[in-house]
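**Student:** In case it helps, Swiss-Prot gives these features for our protein:
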- 4-24: transmembrane segment (TRANSMEM)
- 28-48: transmembrane segment (TRANSMEM)
- 65-85: transmembrane segment (TRANSMEM)
- 95-115: transmembrane segment (TRANSMEM)
- 158-178: transmembrane segment (TRANSMEM)
- 191-276: domain 'RCK C-terminal 1' (DOMAIN)
- 279-361: domain 'RCK C-terminal 2' (DOMAIN)
- 371-391: transmembrane segment (TRANSMEM)
- 393-413: transmembrane segment (TRANSMEM)
- 439-459: transmembrane segment (TRANSMEM)
- 464-484: transmembrane segment (TRANSMEM)
- 493-513: transmembrane segment (TRANSMEM)
- 533-553: transmembrane segment (TRANSMEM)
Amino acid sequence: MSDIALTVSILALVAVVGLFIGNVKFRGIGLGIGGVLFGGIIVGHFVSQAGMTLSSDMLHVIQEFGLILFVYTIGIQVGPGFFASLRVSGLRLNLFAVLIVIIGGLVTAILHKLFDIPLPVVLGIFSGAVTNTPALGAGQQILRDLGTPMEMVDQMGMSYAMAYPFGICGILFTMWMLRVIFRVNVETEAQQHESSRTNGGALIKTINIRVENPNLHDLAIKDVPILNGDKIICSRLKREETLKVPSPDTIIQLGDLLHLVGQPADLHNAQLVIGQEVDTSLSTKGTDLRVERVVVTNENVLGKRIRDLHFKERYDVVISRLNRAGVELVASGDISLQFGDILNLVGRPSAIDAVANVLGNAQQKLQQVQMLPVFIGIGLGVLLGSIPVFVPGFPAALKLGLAGGPLIMALILGRIGSIGKLYWFMPPSANLALRELGIVLFLSVVGLKSGGDFVNTLVNGEGLSWIGYGALITAVPLITVGILARMLAKMNYLTMCGMLAGSMTDPPALAFANNLHPTSGAPALSYATVYPLVMFLRIITPQLLAVLFWSIG
């Protein structure tokens, strides 16, 4: 058998063994995709014992390409929500998550200096302790750029594997400990979270208001500032027994009922200007109007602003709200449409059908992947990651590398959505498949390279010490920030658990947090809020630590 055939066969065996290990669960918790790393270690141990020779060049290419696939698909997935997560609504959560990253970096630096841990080893421990595989890839690349021998670089994967198991268990232990310390009642926390969502400003709400302000009588909707802005959409108007879709030129009269869509604070302001909320239904049932959700798939409307499509004027159809990447938005006239946007339309059936034809509404297109944008994005990401940034006093130029470059490019392209007829939307199933393929390839190679010396290091070497260092890097930031968030910020416990899981980019921890109260969406919401920024920081941090430690000797 040729070296290439043998290498591919061994990698396939690693994937099978690793995925099997990852699917084994204890009380609902398993290693997940991280099991591939340990599958690689097991197979790598026996490969080393058997004296087999694998193609090192091929392994290197597969490892790097797997990493690129993984970080690129992550960026495309979270890109639409990344910049939104940095706004005020998620600012507090992101600040606490960033603090966890910073404290973790400080603990790593202190351990490195106190115990004189070799640089590749301490970076591997850091990456494993925070259960972040792209951080491992980024650290290995910067070490190679700094001229570190390959046998030392490979030690990073071994120390990563030592620290990884407690990285997963440590965050679960932290959640449990914080629950005990603060005597948390999970049911009460879930109710408080739901109440804050109802009264807060993050959700899109609807309200029916009766026009009671005499100053508004006989005015067109476009002449009422609060109704002509981008914060509130008036999607229905009921006069006596007639329900219709209002246009900007529609004249409102005293006693009219308006169905408004917007954030709670804006709807409250509308009440103060227009009149009181009423309990009367403005449902389209039994009328000649209907409400329908339509998906944007027509390449000709991508990038166009809603107001430039003139749906109100041409078709008498109102877009009441827009869902983008799972986030509900008010359908402001200035919003540019992206592939995969889901619009709520209100109007007559024939008019809605006409608008749906304009927008595309081709469900089958959502399952198709445009491969050209994928490779354009990957190529641009690799180029971005290869750009050197020279900093005075640093021994090597800083680069985003094969982990950071594709990630940042994917975040940008995911946020832009489309350029001309190229769109970077990727069906969730396709995104997940490519992401899983990438991480399996990457971890398989890392495990294979680490397997030969793993058992000896654990039994006769410093493996147990590495596990202890990793436990500190995992636990100290999580416990510190958890206590601060609860005591100082009075953060909801379920929200805090999601934030802690997101700060470690740890899906098993999110699954554990979700199981604390299966009907509450608090953990998933906070996890998604901090995940994009933290993933970026986790990839950059080992590179900064490597250059810093290298420069100060």
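Glycine is treated like the rest: Cβ placed from N, Cα and C.
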**Student:** So, does the transmembrane segment (371-391) come close enough to the transmembrane segment (493-513) to give 3+ Cβ pairs below 8 Å, pairs being at least 6 apart in sequence?
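**Tutor:** Touching, no - the transmembrane segment (493-513) and the transmembrane segment (371-391) miss the threshold of 3 or more Cβ pairs under 8 Å.
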**Student:** Mind checking which residues reach the transmembrane segment (464-484)? Cβ under 8 Å, same chain, six or more beyond either end.
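**Tutor:** Same-chain contacts beyond the flanks: 96, 99-101, 103-104, 107-108, 111, 115, 117, 121-122, 125-126, 128-130, 159, 162-164, 166-167, 170-171, 173-174, 177-178, 181, 458, 496, 500, 503-504.
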**Student:** Looking only at residues six or more beyond either end of the transmembrane segment (533-553), which have a C-beta under 8 A from one in the stretch?
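**Tutor:** Beyond its ends, the transmembrane segment (533-553) has Cβ neighbours at 71, 74, 78, 82, 85-86, 94, 97-98, 100-101, 104-105, 108-109, 112, 119, 122-123, 126-127, 130, 132, 134-136, 138-139, 141-143, 146, 391, 393-396, 398-401, 403-404, 407-408, 411, 502-503, 505.
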**Student:** Examine the transmembrane segment (439-459) against the transmembrane segment (95-115) and state whether at least 3 Cβ pairs sit under 8 A, considering only residue pairs 6 or more apart.
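**Tutor:** Result for the transmembrane segment (439-459) with the transmembrane segment (95-115) is no.
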**Student:** Can you work out which residues elsewhere in the same chain, 6+ from the ends of the transmembrane segment (95-115), have a Cβ less than 8 Å from its Cβ atoms?
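**Tutor:** The answer is 122-123, 125-126, 129-130, 465, 469, 472-473, 476-478, 480-481, 484-485, 489, 491, 499-500, 502-504, 530, 533-534, 537-538, 541, 544-545, 548-549.
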**Student:** Mind tallying the domain 'RCK C-terminal 1' (191-276) by DSSP state, helix then strand then coil?
**Tutor:** 30 helix, 27 strand, 29 coil
